[in-house]
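The structure under discussion appears below in the form of structure tokens.
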Amino acid sequence: MDDSSVSHHNGGQVGSQIGVSVNNKQNDEPSQSVQYSIPGILHFIQHEWARFELERSQWEVDRAEFKARIAFLEGERKGQENLKNDLVRRIKMLEYALKQERAKFHKLKYGVELQQGDVRPPPEEPTSEPEHAERAQWKQGRQLIKQYLQEIGYTDTILDVRSNRVRALLGLNNEEIENPNYRNYDKQQHDRCDYSMNHMVRKYDYGGKEARKSTGGGGYNEEGLSVQETAAVFANFEFLTNQEMDMDEIDDLDAKQSHHICSKKGEDLDLEAEEVLNELSLITEREADGGGQGDEYPVGGSAGGAGAGAAAGAGAGEADEEPLALGELAQLTVSNEPEAYDVASANKESFRKTWNAKYTLRSHFDGVRALAFHPTEAALVTASEDHTLKLWNLQRTVPAKKSAGLDVEPLYTFRAHTAPVLCLAMGAPRSEECFSGGLDGTIRVWNLPPPTADPYDPYDPAVQGAVLRDHTDAVWSLAAAHGRLLSASGDGTVRLWAPRAARPLLATLRADESPSAPAPAAADFADAAARAAVAYRDGSLLLYDLETGQAVLRAGCEAGATRVRAHPTLPLLVTAHEDRHIRFWDAVSGRCAHAMVAHLDAVTGLALDPNGLFLLSGSHDCSVRLWNLDTKTCVQEITAHRKKFDESILDVAFHPLRPYIASAGADGLAKVFV
Amino acid sequence: MADGLQILRRNRPGSKAKEFCRWPDEPFEEMDSTLAVQQFIQQTIRRDPSNLEAILKMPEAQDEGVWKYEHLRQFCMELNGLAVKLQAECKPETCTQMTATEQWIFLCAAHKTPKECPAIDYTRHTLDGAACLLNSNKYFPSRVSIKESSVAKLGSVCRRVYRIFSHAYFHHRSIFDAFEKETHLCKRFTYFVTKYSIISKEILILPKLDDETPVGESEA
Ligand SMILES: [Zn+2]
Ligand SMILES: [Zn+2]
């Protein structure tokens, strides 16, 4: 009992400079002796002054950090907007090219306009202008294509659906996609198609750029595409290059696009376009870790573009793609642009700083089982074994009189559960709601009080919303997305809810009907909430289609799982296990892409940052670890909580918008790091 | 990586409610956590919530301040259960003031100037205030040693908390009885404050409770 405790705030601010592990050990001294002497007092004053200076500088550092963060986020937003516009533009171009290919195929097959195929400007001379005579023929061809496009009903809606999907894939999509067309597709195929789209975009882009070089003139030299590389590309895209004249058309389309989507056009757009491509190629590379088959893609040294392979393979039905071409293209993209990693590195930059404990949330009487940040505000909700949930506003701190440390008092205490609260999920932005699941088997909907609420306001029963009672045992995991809720319970089922509906239970998912079936430990929405990833206590991992309620993928290992998270943009699932491992799964093939010993004890908490670049994990070994998802390396380790029995950290979280991370512990505390 | 020879006292996601914290007891001497006292108290309650003597039998060489502090934390925590039940029935329209017998109206001390809060607000504010105080870094920075001056603060918390029991007893008797049957909390609390002379006997206005307290008639 030499370790005297929980007083993080007395020593806390100094400690926070050094890190939490120090922080925890620092508290033994204060207020042990009460003998005063002049040197003692002087020393004390000196010490205090130094401390205040430190705190002040810490504040200044924080302020600078926040400013930088704001600037960065603003930049990022702008970038993403441009990216989005550009993607839409490119996808339209891509679709167009695809149709051309088909048109050509059609022509070839039925012998119409067969002579067109003979017109073939040599790829190594892309700058040559088409002859006038040829132009006439091309015009004819164009007419035909137009006709064909109309015939097949090549409508904007299709384009929109696809662009939405791609944006969703890139995590740019905030609004819900509610397009009926989308619903009609077989999801899985659709998915694959999306991945292949990435490649198509890239693939096409190079063809397109070259072609535009020929028609529209220079401006692309800075890209440094060597003649050989160009030739290689063209060798693979003869269709595109053949019909160079059609690039006029595309340019038209392009211009039209620019007209109503993006008023900005020109070189900087192309630079952005490159960024888009780079990001896409980056995705492919990461995906590479998640895939299962080929090594034919020597992409940037990573484990061999299996994801790309799978995607390309799957995409073959949609378009005549050659994996080899993709490989070369991928290589091209990466090798050409050293700034390929700009987007990522900018994000990394914001995380490169060391996270320090800033707020300690103390008010729960027992272990904190779960926490969730407010979707936008600097606020969070914690759920505890003391049967309550508490709402905290990090911007309404109570400066503790003596230590200038930041104590946060809860804004509101939610009481309704009749047993420990085990899990939490936050509703969508602006919905101001959260959901909690408890050992009592209930799921409760809560209307969050405003951040200005006073903890000692009169009791407002309207805070309590609906109660979902279908589970017959403890509810251990909740995930919310698009107004729906996914819960995993000790009763062996995973349930899908529309929590505000009159009949809230939408579906019940069971691994199998046998009574000995393992219970789900955790569930998360995956694939833009079209599927549910469920990790079971026996280590199996199932992916359910939420339309049909059927398991579409079975994977897993022997070690009991505790958590599962779906990557926000990639078909990647991450699971935490009792055997100290974190495992990464390809959500398409079900292959275990990577497994690593992540902690010294069972891994109990997992969170992915909103950009999908970092992973946060917590464990009963008392530490929180931050991982770079790309390299799978630990970026920071923080010792955050003490043990109660053999439990320590029970949950971790990222703020969806702001630079906060948090941990919840069996010691009854929650900590927020900045 | 679970069991084997070593017992791991932890709750695994996906387990059944009836398994929750149902692990073999750990001897107090072997608990090396800073939360040992809480662990020990909860373990004893779980074994038999009605065995007041066992629950309130302080281990040898235990710091009494910490012992009392941890028990009070446990009381306030379990009182959340009573508050949940009261929320359904104790309305500001019917219980406009915090009363037990008609002798006193209790003012809510959670506000800058004490206020005549309705009973349900008094209950919630008192529990919230207690959570605040008992988790205050200023008064209770440690859970293994507590200053004498801070131990003195426990008395006022106990007095206010007792009023929650008494309001429930006199105004929401069926709730009180159901809750008491399940938790024996009021009995334990009375035993606790008497044993450590935290509240003077005159304030303890509830008649002596025993297990055969009849359930029913919710009347003052
Ligand atoms: Zn009442
Ligand atoms: Zn009050």
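Any Cβ shown, glycine's included, is placed from N, Cα and C.
Whatever TrEMBL says is automated annotation, not expert-curated.
What TrEMBL says about this protein:
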BINDING   B:CYS90, B:CYS95, B:HIS167, B:HIS172  Zn(2+) binding site
For B:HIS167 (Zn(2+) binding site): DSSP state (helix, strand, coil): helix
Collapsed DSSP category at B:HIS172 (Zn(2+) binding site): coil
CB contacts for B:HIS167 (Zn(2+) binding site) [other CB atoms within 10 A, all chains]: 24
Shell of the Zn(2+) site beyond B:CYS90, B:CYS95, B:HIS167, B:HIS172, same chain only (C-beta within 8 angstroms of their C-beta centre): B:LEU86, B:GLU89, B:THR94, B:ALA119, B:ILE120, B:THR123, B:ALA168, B:HIS171
